[in-house]
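In TrEMBL this protein carries:
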TRANSMEM  14-34  transmembrane segment
TRANSMEM  46-63  transmembrane segment
TRANSMEM  84-102  transmembrane segment
TRANSMEM  122-139  transmembrane segment
TRANSMEM  160-180  transmembrane segment
TRANSMEM  208-226  transmembrane segment
TRANSMEM  266-285  transmembrane segment
TRANSMEM  308-329  transmembrane segment
TRANSMEM  341-364  transmembrane segment
TRANSMEM  384-407  transmembrane segment
Amino acid sequence: MEEPQPGPSPLRKMILVSSMAAGIQFGWALQLSLLTPYVQTLGVPHAWASFIWLCGPISGLLVQPIVGYSSDRCQSRFGRRRPFILAGSLAVAIAVFLIGYAADIGHAAGDNLTQKTRPRAVAIFVIGFWILDVANNMLQGPCRAFLGDLAAGDEKKTKAANAFFSFFMAVGNILGYAAGSYDGLHRLFPFTETEACNVFCANLKSCFFFAIVLLVVLTTLVLITVKETPYTPKAEKETEDAEKTHFSCFCGELCLAFKGLKRPMWMLMLVTAVNWIAWFPYFLFDTDWMGREVYGGDVGQKAYDSGVHAGSLGLMLNAVVLAVMSLAIEPLGRVVGGIKWLWGIVNILLAICLGMTVLITKIAEHERLLNPALVGNPSLGIKVGSMVFFSVLGIPLAITFSVPFALASIYSSTSGAGQGNN
């Protein structure tokens, strides 16, 4: 179905497209580190905060296949991937504006600031949050597919492109978490602090301003400098098949696609699904865990805010390790006997690290019980242990962001489907 490139594109073009990951991940890092604490300041109970995050897997389940399906068949004169990249970037800008200004818009719409829960602000936040997740999925898929198109089935360049994508994701994470860990960023934009928006909220707004600028600059560079050949069906039969798909059920096509998958692809999807079951609780509650369990605070207290900022610092260290590790994937894969073996080893490391959260929590609770003065300022051992936890998790995260996508591209190429193949 797909029209192949005449040959692999220069690596510099793949690096430029991969750099989009930095812009995407800058906003995603802010979302992961600050939005769970922020939504609780708007009055959403801790137990309900995770339900807002359901939009991530739901939008991934629905949006990515639809965007991928539409992108593969897009006959725009601008190419198959670039229109979706542009639309996704604009949607991200709209979403982060709604999230950052949710408190102000809610107050203007009638929220009472003396009440714990601000329903209008929460509604605006949720709308922006869902748009952001949909937009991220609109960007990730076409960017990855663009790399596959540029690699044109070359296995070595496919692996290199995914490694660079993972590297730039780490760069975006470092910048995003660094911005999130600094509590004085709002001083650059004094207008961000308002009656409805406290210092924490003002910092979030300021961080999102930088996120918009970074993403717009990178998107503009990619759209201007990396050209696409517009897709046109090669043969009459293919044209007829393409026309028929417009009248066929998308779900039916999806079922047929699943039916045609080979065993290696099924195993890859199964392991990836189990892998993300482990990752999502970490992404949702990492900084919240630091504020509540490690630093012993509640939302709105100084101890909790200190824990959130410490968690953002830990996530920045995590991103540094991720960046270094993403460039070492291929050599390490050769050392352990292949990237599949490497993926298996780091999944065991992931399980051990997540189990360590229980130990860190229990020790921190015990120390606070013996010495209440440690609330908001845990012992050096706890601080170091939590930073080591975040740092070591950067190793399996780098593999998760690279290896499954590279394997999927390779498996789809060898089976006669996927990016860059007929």
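Backbone N, Cα and C atoms are what each Cβ position is placed from, and that goes for glycine too.
Automatic prediction, not curation, is the source of TrEMBL annotations.
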Chain residues outside the transmembrane segment (384-407) and at least six past its termini with a C-beta under 8 angstroms from it: 144, 158-159, 162-163, 165-166, 169-170, 264, 268, 271-272, 275, 279, 282, 286, 290, 294, 310-311, 313-315, 317-323, 325-326, 329, 339-340, 342-343, 346-347, 349-350, 353, 356-357, 360, 363
Ranked first among 14-34, 122-139, 208-226, 266-285 for CB pairs under 8 angstroms with the transmembrane segment (308-329): 14-34
Residues from the same chain, set at least six apart from the ends of the transmembrane segment (14-34), whose C-beta lies under 8 A from its own: 85, 89, 92, 96, 129, 132, 136, 139-140, 143, 146-147, 150-151, 157, 160-161, 164-173, 175-177, 179-181, 203-204, 207-208, 210-211, 214-219, 221-222, 225-226, 283-284, 286-287, 308, 311-312, 315, 319
Beyond the flanks of the transmembrane segment (122-139) by at least 6 residues, Cβ under 8 Å: 20, 24, 27-28, 31, 35, 38-39, 42-44, 52, 55-56, 59-60, 63-64, 67, 84-85, 87-89, 91-92, 94-99, 101-102, 105-106
Region pair the transmembrane segment (84-102) / the transmembrane segment (208-226), three or more CB pairs under 8 Å: yes
Segment-segment contact (the transmembrane segment (46-63); the transmembrane segment (208-226)) at 3 or more Cβ pairs under 8 Å: no
